[in-house]
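Q: Taken from Swiss-Prot, the feature active site applies to Ser959, Lys1002, supported by sequence analysis. According to Swiss-Prot, the feature ATP binding site maps to Gly543, Pro544, Pro545, Gly546, Thr547, Gly548, Lys549, Thr550. Positions annotated as compositional bias 'Basic and acidic residues' by Swiss-Prot: 61-116, 262-281, 756-765, 803-818. Summarising the annotation, Swiss-Prot assigns compositional bias 'Polar residues' to 117-131, 780-802. Among the features that Swiss-Prot reports, compositional bias 'Low complexity' is placed at 132-143, 768-779. Annotated domain 'Lon N-terminal' per Swiss-Prot: 165-391, in sequence order, evidence recorded as sequence analysis. Among the features that Swiss-Prot reports, region 'Disordered' is placed at 61-158, 262-285, 756-832.
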Amino acid sequence: MLRPRTYVRKLAWRCPRKSQLGLRLATSVSSHKSLPLPMNFDISHSQSAFRAYQDIIHRNKSVGDDEPSQRSENENNPSESDKDSNQDPETPKKDKESENDKEPEKEKDIENDNKVSSESNENVTLASSNTGGAAPPNGNNNGDDPDDSNPSLPVDPVTGLYPPLLAIPMKDRPPLPGRPFAINVTDPEVIRSIYTIIDKREPYFVLFHVKDSNEPDTDVINKKDSVYDIGVHCQIIRHTTPRPGVFNVLGYPLERCKLEELTTPSSEKEAKSEEPSKEDAESFPTSYLKGLNVSYATVKPVEDEPYDKSSAEIRSLVESLKTLLSKMGGKNPLEKLQIKEGTDLISDPSKFADFVGSTIHGDPKKIQEILETLNIETRLSRALELLKVELKASLIKESTIHNLSTKADEYQTRLFIKEFIKELQKRAGISESEDKKTSKFDERLKHLKLTEEAMEAYNAEKAKMENQNEHSSELGVSERYLDWLTSIPWGVYSKDHFNIKQAREVLERDHYGLKDVKDRILEFISLGKVSGKVDGKILCLAGPPGTGKTSIAKSIAESLNRKYVRIAMGGIQDVHEVKGHRRTYVGSIPGRIISALKQAKTSNPLMLIDEIDKLDLSRGGGAASAFLEILDPEQNNSFVDNYIDVKVDLSKVLFVCTANYLGNIPAPLRDRMEIIDVSGYTNNEKIEIAKRHLIPEASKKAGLETNHVSITNETISRLIEKYCRESGLRNVKKLITRIFSKASLKIVEEIEAKEALDSSKEKEGVTASSEEANVNSESTKSNTSQAEPVAESSTDISTKSKVASEKIETKEKKETNKENGQSEEDQQPEPKFVIPEDIKLEITPANLKDYVGPEIYTRDRVYEFPPPGVATGLSYSTSGNGDALYIESILTHSIGSGSGVPGMHVTGSLKDVMKESASIAYSFTKSFMAKNYPDNRFFEAADIHVHCPDGAIPKDGPSAGISFTSSLVSLAINESLPPTVAMTGEITVTGRVLPVGGLREKILGAKRYGCDTIIFPKDIENELEEIPDEVKDGVTFIPVEWYQEVFDKIFPNATAQKCNEVWKEEFAKLDSKKKNKKK
């Protein structure tokens, strides 16, 4: 029994490749000869092939209904013997002889089948095109089957829908019908489904563009709203696996289609829960997609709107597209071939528009608009718009490439010419040393005295530079190194002037007071005059901000006739900022020291290391370690910068450092310095400095003379006492500058008001005179109208000629200024504003607040009559300012209530040392009271809270020890301390008073707060001798060694009986409460 070849081919497409039937069918299909198919196989192993065969028969019937033919009927309806064989597939064959007898008959049947097969295929293709499907392109399915024809899926005649097809989303630009495209699939389920539809010989799927490009990449459509409704119906041409897990599909868009219904994996799972019947599962041809975890969609073919090819609008658009496409071709043969292929489609405007949309690289959303456009004229217009943008971008790209190519050619030409000239000069023996970049460095060397090591480094780098190519990147590195090396003032020194008289005059001129500082500086200069040098000295000016440390360094430089350079240390945290970076780093430069020498242009300047206590030590102190070498006289004669990499002698440099707080400087670095204390100024010193320096400077900057604005001594004193209580003068300078600024404003407003008044009076006078002139002119009008013109006088002629010559000169000046690029306003400076001498302002204590605002310090003391438990201590801040520090102690609960817990807690941003000092004071006070006043049981029940005001300011140090003790003793005996007594000193648990620092500043702070008595440790009594009498005036000093001496001075009226019985009643109440509780 033989089957027609067409049916064999259909079965080969549907049959599993590994089965016996599939192998035989594939062999018979791939063979050019008609091979018989003996029915001796076990059909039970290939039931799917027979089901596929029945589907083919059913499909061919539906396709062939429109154009029936006898041959198609013969092909779709097998003979009765075939049916019998299908009903009984296991019927054995007859013997070989009967089979051989029918051999000629079989050959005839096969030849007829071949004819019928070809005609049937033509009929199927025609039918598919009539039902809305597009003819598939030529190609094969990955080489599995050489035959190119695939059965087209039918469109339901009632609904006009295709059966459900595999639906795949696409985030890239959507494809348009007629142009193949490629997609990568990574979802294993989708890959399995593609294999399935290929095996089923239904290699079709639908592709829809994703609306939101930010959605995660997926090969399954999870929501219908996530994709556009219009997509493309595609056929698989070829598929490959470029790498594991990636499946590449080459598809051919057949036609546009509209999404009607989408089934997602989630919706399919819900449907499965209802357990559909077997008939429902086989209700459509592609029902096998239900078993796969993919999305499939029911789509409807979309046809273009009717149009007229001969329409003028369409023809114009087509011609415009064709013209622009010819310009897009360029010089690329592949692009020319593609564009030629597209221009062949101009007879079909619809396909031509799709071709243009597929060719250009436009926005995916714009391409989707072309896909969704069914009006051909609109589609052509949108394609033309995108093509214009593409052409413009292409022209810009081409122009850019051309410009770059031209520049590269010019560069190569110049390079060739330079090298050619260089070679000619070399052949001719012409020296080119004058043209070398090293000539300027050689000129510098004539004025320098380089060390032997530096000269070797210079010669080596110079030779390296000469041998390098002109365009080498190393050339700039070598040139920059030689520039720095020759910028160091090797062997250049300024002559020192050791004139004590001149130095004293300079110091007195620039600074008032600071007698100790001036004496130390003059001693330093005198040592230099005796020894002939000042090498090896490192001075450190330590004191509060605004006390003139930087200006003192400038005065020293002027006195010695040395260059002055300043290096600010604020924020320096890296050693490379001091010693430079090595040349291996890109953009490396020398450190601050070499840069300062280059700026000074001498090897012995005065180098100010400003704010050395602000060095950042957070990175292990790298910068501080570098200064150990720089500021050590034994080492700085061979300082090596990382960039220069040559020893530089810094022993002739006079280093002067400034610091606000010496505690922030590392101890090894502090030991190398000679410390000079620059203490704060007294009020009298501030007044004199303001009169001598600050007021004249502020007056000059404001453009006012000192006789226009006068500030009395009382005003300056009030300004210092009520606004500026710090040790320095910076705030005083700011406020004086503000006074002159507001005074200038008031003076200008007063002058402008006067001028406005005068101008109004002048206008009134001019109006009156003009009225009189009008009356006189009317009276003489009749006489002058009949008079003959009189000849001009010689005076009038000379006046006119003078005016004319001035105009000519003015015109020439304007032309000259115009040629020089200067305007007339630039040539004429603004005239200085002249202030009349009768305008004067006087700044008095009464009107001072009109210029600087309300007073900051309204009273000298916080407590005029302090309550028990309040003591006045003295503090010394890191900025160098002395201040009063109040210690307040209270009882949180009354003694008689018995609700408090005996003990003490402290507040006020106290750090560890100060907390320990308070704890020591509490322990000593308990011991002191128990020893001297045993009947005073205060500490048995007292819950004490100790506080230091200004809680936002951190406080630390041991100097408040006796202040804590006095506050607790005052609370224990319930007696107040004198308001004008301040104290400072560290306390021990035995009552010994130990020395503290900053006595001078603390004295100034005590005086500012109205304290006239200061208790201090006896061990620092000798420091009083060094403090100026002006600071000590009006203050009584009480040196103490033990706390008992402090107690006797601050509580002179305290008796033993009073101190023992002060809390007697409260403890009686407490005892009675305790007894009642026991009962």
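Every residue gets a Cβ built from N, Cα and C, even glycine.
A quick note: this is a predicted structure, and the numbers were derived from the prediction, not measured.
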Q: Near the compositional bias 'Basic and acidic residues' (756-765), which residues from the same chain, at least 6 beyond its ends, have a CB less than 8 A from one of its CBs?
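A: Long-range Cβ neighbours of the compositional bias 'Basic and acidic residues' (756-765): none found.
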Q: Which residues of the same chain, at least 6 positions away in sequence, have a Cβ lying under 8 Å from the Cβ of Thr550 (ATP binding site)?
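A: The list for Thr550 (ATP binding site) reads Arg566, Leu608, Asp610, Thr658, given in order along the sequence.
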Q: Sort the residues of the compositional bias 'Basic and acidic residues' (756-765) into helix, strand and coil with DSSP and give the three counts.
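A: Here the numbers are 10 helix, 0 strand, 0 coil.
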Q: List every residue in the same chain as Lys1002 (active site), at least 6 positions away in sequence, whose Cβ is under 8 Å from its Cβ.
A: Leu874, Ser875, Tyr876, Gly882, Ala982, Thr984, Ile1014, Phe1016
Q: Pro544 (ATP binding site) has how many other Cβ neighbours within 10 Å of its own Cβ?
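A: Cβ-Cβ neighbours of Pro544 (ATP binding site) within 10 Å number 24.
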Q: Of the binding-site residues Pro544, Gly546, Thr547, Lys549, which one has its Cα closest to the Cα of Ser959 (active site)?
A: Pro544
Q: If one looks at the chain holding Gly548 (ATP binding site), which residues at least 6 apart in sequence have a CB under 8 angstroms from its CB?
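A: Within the chain, Gly548 (ATP binding site) has Cβ neighbours under 8 Å at His511, Leu514, Val678, Leu729.
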Q: Among all protein chains shown, how many Cβ atoms are found within 10 Å of the Cβ of Pro545 (ATP binding site), not counting that one?
A: 17
